[in-house]
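S.K.: Below you will find the structure I want to go over with you.
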Amino acid sequence: MTTLLIRFGRIMGYTKAREFNVETAKKLLLVSLFYNANVAFALASLKGVNIPMYIAIKRLTPLAVLIAGFFYGKGRPTTQVTLSVLLTAAGVLIAALGDFSFDLFGYGMAFTSVFFQTMYLVLVEKSGAEDGLSSVEIMFYNSVLSIPFLLFLIIATGEFPNSISILFAKPEFLLLLSLVMGIVLNYTMFLCTIVNSALTTTIVGVLKGVGSTTLGFVLLGGVEVHALNVTGLVINTAGGVWYSFAKYQQKKNKLPKVMSDVETRSK
């Protein structure tokens, strides 16, 4: 649906996304591979991990992105950024200690998902910076390249054709709502990664996860509300807020320098 929507938008002139290019597709093949692996392992982990604890584990992604960025040459982050990410990760670990329904398989799948999410976000950031691709173009290539991966998965796992009958047994508006939310989520996620950074995207995800975790506790159950859960969530949120403040301060400090450079060039 994403592929068709973007193609229709290009034909109608609503988007300036360029035509499909084989060389660009080859460069983004790993992005799509890691993206689909993240989705597959994340869904597999939910068989053994409840929603609140799944979200808590996924909040280790900022730390993984920070480490990955250091190794692929992005440079050393500021002390405040590093400490805020470490605080976020510490909150995750504390919250996990309150999960007495520990499932080794579920946790293993969730940690693997964190690895794949880290890799594809770092590659998306790199593609936007080096290849000049927009978020819509990355979405288009990711959608096209995902089709063979997903076809292989649903056939290999035996979900096809039973999944089709189950899908259409559900109310149509749920399918439509899922499609719309999925497309909007991917677009905003890729856009945030390109405009800001992979690390910023994961930190925003941490703050978003506060609402998801709360709803998970209240609506879905499956985990006992414990003092460690609440403490971990508070620490986790504090780390996300601290990171946002640190990045704001960075941009605020850079702005006078940029304005000074512009004025110097104009003279």
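Heads up, the Cβ atoms here are built off N, Cα and C, so glycines get one too.
Worth saying up front: this structure is predicted, and the values here are computed from it rather than measured.
Okay, so TrEMBL annotates it like this:
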type     : residues : note
DOMAIN   : 4-244    : domain 'Sugar phosphate transporter'
TRANSMEM : 28-46    : transmembrane segment
TRANSMEM : 52-73    : transmembrane segment
TRANSMEM : 80-98    : transmembrane segment
TRANSMEM : 104-124  : transmembrane segment
TRANSMEM : 136-155  : transmembrane segment
TRANSMEM : 175-195  : transmembrane segment
TRANSMEM : 202-220  : transmembrane segment
TRANSMEM : 226-245  : transmembrane segment
S.K.: Taking the transmembrane segment (80-98) as reference, which of 28-46, 52-73, 104-124, 136-155, 226-245 has the most Cβ pairs under 8 angstroms?
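M.R.: Result: 226-245.
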S.K.: Can you find at least 3 Cβ pairs under 8 Å between the transmembrane segment (28-46) and the transmembrane segment (136-155), where each pair is 6 or more residues apart in sequence?
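M.R.: With 3 or more qualifying Cβ pairs, these stretches touch.
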S.K.: How about the transmembrane segment (52-73) with the transmembrane segment (136-155) - do they touch, taking at least 3 C-beta pairs under 8 Å (6 or more apart in sequence) as contact?
M.R.: no
S.K.: Restricting to the same chain and to residues at least six past its boundaries, which positions have a Cβ under 8 Å from a Cβ of the transmembrane segment (136-155)?
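M.R.: Counting only partners 6 or more residues beyond its ends, the transmembrane segment (136-155) has Cβ contacts under 8 Å with 2-3, 6-7, 9, 15, 17-18, 20, 24-25, 28-29, 31-33, 35-36, 40, 124, 127-128, 163, 186-187, 190, 194.
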